[in-house]
Amino acid sequence: MATQTTASCTGSTLLQPLSDIINLPLDQVNFVACQLFALLMAVWFRIYLHPSKTSPFIRHVVATLLGFYLALFCFGWYSLHFLVQSGLSYGVMIFAGLEHMHKYCFIVTLGYLIVCQITRVYVFDYGMYSADFTGPMMVITQKITSMAFEIHDGKTCVCVCVRLCVRMPSLLEYLSYNCNFMGILAGPTCSYRDYMDFIEGTCYQARHQENANGKENGKFKQSEPSPKNDVISKLCTCAISLAVYLSLYKLLPVDYSIDDYFVKSTPFYLQVIYLYLAMLALRPKYYFVWTLADAINNAAGFGFNGYNKDGSPRWDLISNLRILDIEFATSFKLFLDNWNIQTRCPVNPTAATFLLSAMWHGVYPGYYMTFVTGIGMTMAARAVRHNIRPYFLVSDSHKLVYDVITWACTQVAISYTVVPFVLLAVGSSLKFYSSWYFCLHLLCLLVVLALPVKSKRRQAKELQESQRKDSQSDPSSTDSNCNQKDKTS
């Protein structure tokens, strides 16, 4: 065990004895240790390098140097890829024209990520699914692309409702945004404008102004909110998630669902229940990683998102998931909307988000099988919701029945869809789907063909046409229809 983990770990071997004791791979031990160190540094950063005490330059330098140290500890010389990827994209930003800069940055940074993933998987170690150096590169890819689009939109878009980046960052600002110690290992992705507001100490001012409309929030305008309660709450969530994962993931392995004896001797309904429980035991790993990353950013003072109605501060600006909404989701869309929140594609979001997610995650065939299946699942779930749900809205009891049924169907569909994501290989993934006779694939196809769904654009167009007819027949309703049309747009 120790020899294998050491061989697959490219970072420091300082914690190898601890890895042997707790029987976990060294790269995972290094990752958790670095994140805990980053949590302590975040508290120190917020208290001793507060914007009122030091300059943005010092905050950028310290955040960047600490980030590079954590990267070197976890990944060794492979962390140089972070600088190469960032440097190539920064050169594109400087030399490319403003009109196409965001497109070129996206192509270059995603292309470099894919090249690194191909070499890691097919040249060095196929099947190594752990804390590898392409994980941080995935986050950096998101950040670079997000920044490039912010700069492009800020220069070319006339928009007063969204705060966008309107200038090119300096090299230090750019590296600090991409490689700061709070997000170098696990993100999450954030807006460059939000990050700069955090570094410069203006993030609270903007949120105070946005939330100072009511009297209940007015008294909070001059005080800086503390993230202590939210950080403690998120750390408790991390502890519970880690305990659940370490207790159950070996007892309920996903690959047991394709075991020949299990498939032949177990009734199908028990196979469904086992698959759900296996996926339920696997998700806490992601809950732990993303919630800890969120807590680190909050501890540093980053992530403030205004106030709740009761006046308590919200620290969910860059949160990447909502655990309860995931576990109790009643549709495929609700599940995805609350999972990896910071990763979205605004153009044709269903197909584009799934396909880009497959490319972004890597080159394992299982990723593509999962995300292509996810497209069909989403379309089928949308068709069911559009055509069947209205019949259950006649009473609360009917709606409760609908919610229970759709919750169970959603959990089974999610579990079925992500099996290739866990198994990675084509053979084992097809073996699983064939043991289920591709039943959900066929069911989705049947639902999509049998239950038509109008596109959102077509629904909006029909609504506008009906409003126009109403306004022609009733001139007195022109003002209200115009207001409704603005809302629809």
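Yeah, the Cβs are placed from backbone N, Cα and C, and that goes for glycine too.
Caution: TrEMBL annotation is automatic and unverified by curators.
Which of 347-365, 366-384 counts as transmembrane segment depends on TrEMBL, and there it is 366-384.
Within the same chain, the transmembrane segment (261-280) packs against the transmembrane segment (404-426): three or more Cβ pairs sit under 8 Å, each pair at least 6 residues apart. Below 8 angstroms of C-beta separation, residues 9, 11-12, 15, 18-19, 22, 58-59, 62-63, 66, 70, 73-74, 131, 181-182, 185-186, 227, 292-293, 295-297, 299-301 of the same chain, each at least six residues beyond the ends of the transmembrane segment (29-49), sit close to that stretch. Most Cβ pairs under 8 Å with the transmembrane segment (404-426) belong to 366-384, among the candidate stretches 61-81, 101-123, 366-384, 432-453. Packing against the transmembrane segment (366-384) from elsewhere in the chain are residues 331-333, 336, 350-351, 354-355, 357-358, 406, 410, 413, 416-426, 429, 440-441, 443-445, 447-448, 451-453: each is 6 or more residues past its ends and has a CB under 8 Å from a CB in it. Away from its own ends, the transmembrane segment (432-453) comes close to residues 257-258, 263, 271, 373, 376-377, 379-380, 382-384, 386-388, 412-413, 416-417, 419-420, 423 of its chain (Cβ-Cβ under 8 Å, at least six residues beyond either end). With a threshold of 8 Å between CB atoms, the same-chain residues lying at least 6 positions outside the transmembrane segment (61-81) that come near it are 10-12, 27, 30-31, 34, 37-38, 41, 45, 49, 112, 116, 131-133, 136-137, 172, 175-176, 179-185, 199.
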